[in-house]
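Undergrad: Handing you a structure now.
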Amino acid sequence: MATKLAALVVLVAFLAGPAACEGVTICFNGWLRLPLLNTLLCRGSGIPRKPAPPPSGLGLVYGYYNYNSSTSRSYCPGAEGIVRGAVEKAVAANRGIGAGLIRLFFHDCFVRGCDASVLLTTTNSKNSDTEREGPPNKNSLRGFEVIEEAKAAIEAVCPNTVSCADIVAFAARDASYILSDRRINIAMPGGRYDGRESFATETDQLPGPFSNTAQLQESFTAKGLNSEAMIALSGAHTIGSARCMFFSSRFPEMDPAFAAKLKGQCNGNDNTNVDQDYMTPDVLDKQYYQNVIDNKVLFTSDAVLSSTETIKEVKENANMPEAWERKFERAMEIMGKIEVKTIGNQQGAEIRKVCSRVN
């Protein structure tokens with residue numbers, strides 16, 4: 001399976017463009033756009049996902065590492081400050097890393113819950129075809145070095161205490177705060193344990209750039225997130241960049257002037273990265289929603305938010321930035337509670353010493 005997934009990642013670069021074939025099929029939950037003659041490569045995808053109840057986050061505690069008692073094994077009052085310092089340093093050097101940290105959190109929580117499985121390069125079952133190798137993540141995710149730096153600094157003062165999963169969550173919170181010019185302040189509890197398994201095949205739980213409205217809603221409701229949360233979290237596409245392979249097929253559907261500008265930036269190279277938000281690419285703000293309204297967004301999954309089912313909320317977010325900021329805060333907090341592991345070995349979990357490998 002590792003070879004097959006790696007081949008798909010390479011293949012999509014060639015097949016994603018509009019000239020590949022007149023008839024196409026979308027598979028791997030909206031991540032792969034392939035000619036109809038290659039539908040066998042989609043075998044096994046498209047399995048319906050059942051809605052889940054809202055995540056409870058049972059066992060998580062706000063200020064988790066600040067409580068000190070004779071029975072506590074989680075006391076590390078400087079932990080969140082260390083993470084914040086690492087994020088501040090990284091974002092000061094490259095604001096794109098902040099976008100990467102927010103995306104890393106999303107990609108972690110949607111697969112096996114918020115357990116840092118997205119960081120693993122090898123697992124308890126000796127699997128090396130981990131989530132990092134899946135089509136949504138390979139050669140795409142950023143911010144690993146920030147997590148590892150924070151983890152190493154924390155281990156030096158509080159060994160075997162702070163999970164990589166919590167560091168990922170805190171880093172996304174801090175990146176959101178910095179990139180929003182301190183307008184977004186997410187309440188993020190701690191107490192997650194780290195998972196011990198990770199599989200590339202499971203990354204099809206992540207909604208992809210070619211997803212339609214129904215596929216987006218199915219992906220989010222399967223994690224207990226409603227339509228408001230889905231639209232609020234989509235606002236993160238106001239920061240960061242995307243490869244041309246994921247939107248070049250949409251040029252005829254975009255605002256003509258916007259499409260012409262993007263064509264010039266891509267210049268026929270599907271691996272070129274361009275800003276997701278052409279107006280305020282380094283600021284986490286409500287501009288994304290105006291871009292949806294103006295048909296100046298990159299992905300199919302962005303454009304479909306202009307549908308009758310979602311356009312009302314999109315317009316509200318565009319016109320009321322403070323309301324969207326509060327929605328984004330709530331959605332990130334709730335997402336951080338998805339399928340968390342909070343009781344260690346009883347759930348096949350641990351506190352990793354190094355975030356990229358199990359103990």
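Even glycines carry a Cβ here, placed using N, Cα and C.
Keep in mind that this is a model prediction, so the values were computed, not measured.
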Undergrad: Could you identify, going by TrEMBL, the member of C244, C355 that forms a disulphide bond with C266?
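TA: When TrEMBL is consulted, C266 turns out to be bridged to C244.
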Undergrad: From the disulfide entries in TrEMBL, identify which of C76, C114 pairs with C109.
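TA: In TrEMBL, C109 forms its recorded disulfide with C114.
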Undergrad: Given the recorded positions C164, C244, D277, state which is nearest to C158 (disulfide bond) when distance is taken between Cα atoms.
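TA: The answer is C164.
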Undergrad: So if I measure Cβ to Cβ from C114 (disulfide bond) and keep only same-chain residues at least 6 apart in sequence, which ones fall under 8 Å?
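TA: Counting only residues 6 or more apart in sequence, the Cβ neighbours of C114 (disulfide bond) under 8 Å are F105, D108, A165, V168, A169, R192, M335, G336, K337, I338, E339, V340.
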Undergrad: Which of the recorded positions C76, R103, C266 has its Cα nearest to the Cα of C109 (disulfide bond)?
TA: R103
Undergrad: In the structure shown, which of the disulfide-bonded residues C109, C158, C164, C266, C355 has the fewest Cβ neighbours within 10 Å?
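TA: Minimum Cβ neighbour count within 10 Å, taken over the disulfide-bonded residues C109, C158, C164, C266, C355, occurs at C158.
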Undergrad: What are the sequence-distant neighbours of T280 (Ca(2+) 2 binding site), meaning same chain, six or more residues apart, C-beta distance under 8 angstroms?
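TA: Once residues fewer than 6 apart are set aside, T280 (Ca(2+) 2 binding site) is near T238, Q287.
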Undergrad: Taking just the CA atoms, what is the gap between H107 (active site, proton acceptor) and C355 (disulfide bond) in Å?
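TA: About 15 Å separate the Cα atoms of these two residues.
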